[in-house]
Amino acid sequence: MNPSPLLHLIDSPQDLRRLDKKQLPRLAGELRAFLLESVGQTGGHFASNLGAVELTIALHYVYDTPEDKLVWDVGHQSYPHKILTGRKNQMHTMRQYGGLAGFPKRCESEYDAFGVGHSSTSIGAALGMAAADKLLGGDRRSVAIIGDGAMTAGQAFEALNCAGDMDVDLLVVLNDNEMSISPNVGALPKYLASNVVRDMHGLLSTVKAQTGKVLDKIPGAMEFAQKVEHKIKTLAEEAEHAKQSLSLFENFGFRYTGPVDGHNVENLVDVLKDLRSRKGPQLLHVITKKGNGYKLAENDPVKYHAVANLPKEGGAQMPSEKEPKPAAKPTYTQVFGKWLCDRAAADSRLVAITPAMREGSGLVEFEQRFPDRYFDVGIAEQHAVTFAGGLACEGMKPVVAIYSTFLQRAYDQLVHDIALQNLPVLFAVDRAGIVGADGPTHAGLYDLSFLRCVPNMIVAAPSDENECRLLLSTCYQADAPAAVRYPRGTGTGAPVSDGMETVEIGKGIIRREGEKTAFIAFGSMVATALAVAEKLNATVADMRFVKPIDEELIVRLARSHDRIVTLEENAEQGGAGGAVLEVLAKHGICKPVLLLGVADTVTEHGDPKKLLDDLGLSAEAVERRVREWLPDRDAAN
């Protein structure tokens, strides 16, 4: 017997719209069960998708997609959308090489109106679509679906401010679950969640005082009165909640509706039908529960935000509560987290800043041990960097823990607010290089290129876990802005010191002596260079720093070898290999140079090893490319 008879009938939103509205709650249950099964086996974003099931069904039921445009913010919650838009039978390939992307992707489906991965872009994109439709004389509807966490970012407010002053038909759906990845921070979430109802509570207190003695004498009356009191409180709080939210968004020029139960799919359909007929900017405030329908995720939405897989228990189609086995080798994130706590214990000036990535950036222990020196500024990368600059001006030692892909969002602040003033801010740049399943929106392939051209910046790339700690300590003590970039996942297994040793800034080291060919390698590619060099009897230099780069070492290697190969897990254009070429040109050295990095292409999602091989950066691919490049007599050696 088919466990999902309704879902089985749906291959497109057109099929969905043939259902009776009363069938939608049952469909929601089937879709949620399908999510538990599919994500449980393939992994992926979990809790946010469970919370968006009814909302997704209602949106596709009411709006004429793909003619009407649904723009999902970030895209963590887009799995139900993919299931309902013809990709149900491909869900087993989610985030795998050659399979479905973990986020909406325009080239994947006509229903994916806008490619996403970063937060707070949906309102601006949907507004642009609405403006284009008006200019072209169309009658389409544009809908932005954004979470309350993403709404804290400045870009979302910039778009709200612009939309409120434009005569376009735009609906913003605020999916309010009080979470982004971590619990939300800042004034806006408190504003949205405020339940201050002083007058009603005062009235209730008076009534209780006046009637309590009488009610005590009537059997069952007190219990009934308590239920009535609870209901009145709830209604009053909802009314106050709506009043406050209405005031905020209507001041932006939006007509506010809500808050609405985001898990009552039939009511959502009625509300959305009404909103679709309205003109001008509209905002629908929907209350949902992250992880809805799976208790473990409801109780710990941070832990279940994304999962590697959820094994079955006893054959049941339910996630397992078993924790994954800890890695034998520490991750670079763990190395950073331990270094940060050790350094903070020795230096009371150290403060840590994160743009809503406490868990991912390894700051959980730091927050617990040093809460007064921990700052989660929300999804606000630009503010995080400028805030760090202000702290540095007053003698503090800020460490900004940020993913490479998110540092892109704060580039002006890095240049204007930090580097031009030569402020000693340390950027711990996580997820540098290929990241795997999250794909191109999260790949850290551009930081070496955009950092090394910034004045006063020190840019370091460790080759293993111990070197990561060494370079963090070194850059922390530098009286200048600095960035240490390190990859996702585990390193080489190198023993990690507990000390605070430092190295000389701008100096690399020779890892292997060889002949004729010199590998000048950066960061994670040092291990690859060593593996290939064993087969080619080549020299390997671990440069450690991209800026300042070790000119003396480069010149010495160029003059003592026949050729040079540069290796980096970064874009070739403007990257570390380019820095090597600049040194050679400066010193008038003309030698054959092979630059190996990420070519001018958009990387895909999938297993990192497979992606590196496709990009020509695995050890096997590097050996093949170098042998093809070598003169025939050397390639045979």
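Note: Cβ is positioned from N, Cα and C throughout, glycine not excepted.
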Based on Swiss-Prot, name the residue from Asn89, Asn177, Asn267 that is recorded for the same thiamine diphosphate site as His76, Gly117, His118, Ser119, Gly149, Ala150, Tyr294, Glu381. Asn177
Mind checking which of His76, His118, Gly149, Asn177, Glu381 has the fewest other CB atoms within 10 A of its CB? They're the binding-site residues. His118
Asp148 (Mg(2+) binding site) versus binding-site residues His76, His118, Asn177, Glu381 - nearest by Cα: Asn177
When you look at His76, Gly117, His118, Ser119, Gly149, Ala150, Asn177, Tyr294, Glu381, which the record names as binding thiamine diphosphate, what is the longest CA to CA distance in angstrom? 32
